[in-house]
Amino acid sequence: MNRQSWLLNLSLLKTHPAFRAVFLARFISIVSLGLLGVAVPVQIQMMTHSTWQVGLSVTLTGGAMFIGLMVGGVLADRYERKKVILLARGTCGIGFIGLCVNALLPEPSLLAIYLLGLWDGFFASLGVTALLAATPALVGRENLMQAGAITMLTVRLGSVISPMLGGILLASGGVAWNYGLAAAGTFITLLPLLTLPRLPVPPQPRENPFIALLAAFRFLLASPLIGGIALLGGLVTMASAVRVLYPALAMSWQMSAAQIGLLYAAIPLGAAIGALTSGQLAHSVRPGLIMLVSTVGSFLAVGLFAIMPIWIAGVICLALFGWLSAISSLLQYTLLQTQTPENMLGRMNGLWTAQNVTGDAIGAALLGGLGAMMTPVASASVSGFGLVIIGLLLLLVLGELRRFRQTPPVSDAG
């Protein structure tokens, strides 16, 4: 990586064929899952005219994802990771085919949608954990920051493209097209993934899966460094749940429908800028301190967001949150991968990803509770400034993370 450039170096895609294969598979997978994410709520709403039923499907899928992350972490530390990745992707695609067939029936089954949502949520997250655990072996630990930034860009780009494509397909061909293309995309991802090298796990004693997962929890709690990283990740994810207040805040700012879309686009845009300008981040000597400061700064941006007098200033605050949270997330990912023993990478990646899922749900619930007691402006500000106070306390308490120093890696990617 060029030490003189703040811009992200994409040369890793050229020099590491295995990572390039993962990049292609991940992008296609994100677009496929995005098509699914648009189709399922629309189909359930059309069938039931009940927002509660739509919410139930999201909750069930989220629960299945959480279990899949836990199980996937154990499997990724026990079995050859390439096999786990391929099995999870292929099985997930079968579920998409089931949704497509169900949508083509004269009377689609609501129960089938719920059950297949559980199926796909479980196997999709199972494969994600194994892929995360395999990344250090694919790119080398010295290139993890660069790989993480490229992955973040992939996710953001795919998350923008897939809802737009999904909406066009719904308008022109109905939900069956979304499901069918999602299934096709998922099976297409198997082609680049088949080119991956074998990804064996370190030898370790066989033990009960629950005991293996408990060992990961003990490691997390016993390590001030890894535990602090996981805690910060959960808090940042909680802060991002402020999006549940966008519709109410948009009314107070008297925003048009088109302008409301800018609120939803601001955080992904800021995160993309953060990833694009992360070229020097891997060479920081004190990544823990930068992580803590950027996290507190992101909370401050959320606190200021709602009290801005005009909506444009609010959008700028959200973009700032996206940028700072991207810096924090990239450092979390890199330190987690480099400081976790190889034989625990699967389980720790599963726990770290799971806290993102649960943190978002907890944040949304807390904001909903605050919204019942105070105005949307007050709810967003109280949550943001409350997290600032917690962040400042953690800046003092997490001494090992704050003082952590590393030797800047010498990348062979560029």
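Cβ atoms here come from the backbone N, Cα and C positions, even for glycine.
On a predicted model such as this, the values are computed, not experimentally measured, just so you know.
Record features (Swiss-Prot):
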- 1-21: topological domain 'Cytoplasmic' (TOPO_DOM)
- 43-55: topological domain 'Periplasmic' (TOPO_DOM)
- 77-83: topological domain 'Cytoplasmic' (TOPO_DOM)
- 105-109: topological domain 'Periplasmic' (TOPO_DOM)
- 131-156: topological domain 'Cytoplasmic' (TOPO_DOM)
- 200-218: topological domain 'Cytoplasmic' (TOPO_DOM)
- 240-256: topological domain 'Periplasmic' (TOPO_DOM)
- 278-287: topological domain 'Cytoplasmic' (TOPO_DOM)
- 308-313: topological domain 'Periplasmic' (TOPO_DOM)
- 337-356: topological domain 'Cytoplasmic' (TOPO_DOM)
- 400-414: topological domain 'Cytoplasmic' (TOPO_DOM)
- 22-42: transmembrane segment (TRANSMEM)
- 56-76: transmembrane segment (TRANSMEM)
- 84-104: transmembrane segment (TRANSMEM)
- 110-130: transmembrane segment (TRANSMEM)
- 157-177: transmembrane segment (TRANSMEM)
- 179-199: transmembrane segment (TRANSMEM)
- 219-239: transmembrane segment (TRANSMEM)
- 257-277: transmembrane segment (TRANSMEM)
- 288-307: transmembrane segment (TRANSMEM)
- 314-336: transmembrane segment (TRANSMEM)
- 357-377: transmembrane segment (TRANSMEM)
- 379-399: transmembrane segment (TRANSMEM)
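Taking DSSP states H, G and I as helix and E and B as strand, the topological domain 'Cytoplasmic' (200-218) has 10 helix, 0 strand, 9 coil.
Stretch with the most C-beta contacts under 8 angstroms to the transmembrane segment (179-199), considering only 22-42, 110-130, 357-377: 22-42. When each of the listed stretches 56-76, 84-104, 110-130, 219-239, 257-277 is scored by C-beta pairs under 8 angstroms to the transmembrane segment (357-377), 219-239 comes out highest.
Through the fold, the transmembrane segment (314-336) approaches residues 144-145, 148-149, 152, 225-226, 229-230, 232-233, 236, 239-240, 249, 253, 262-263, 266-275, 278, 281-282, 284, 287-288, 290-291, 294-295, 297-298, 301-302, 304-306, 308, 348-349, 352, 404 of its own chain, all at least 6 residues removed from its boundaries and within a Cβ separation under 8 Å. For the topological domain 'Cytoplasmic' (1-21), the DSSP-based tally of helix, strand and coil residues reads 9 helix, 0 strand, 12 coil. Proximity of distant same-chain residues to the topological domain 'Periplasmic' (105-109), defined by a Cβ-Cβ separation under 8 Å and at least 6 residues beyond the stretch ends, is recorded for 43, 47. Beyond its flanks by at least six residues, the transmembrane segment (157-177) meets 26-27, 30-35, 37-39, 42-43, 100, 103-104, 265, 268, 272 of its own chain at Cβ-Cβ distances under 8 Å.
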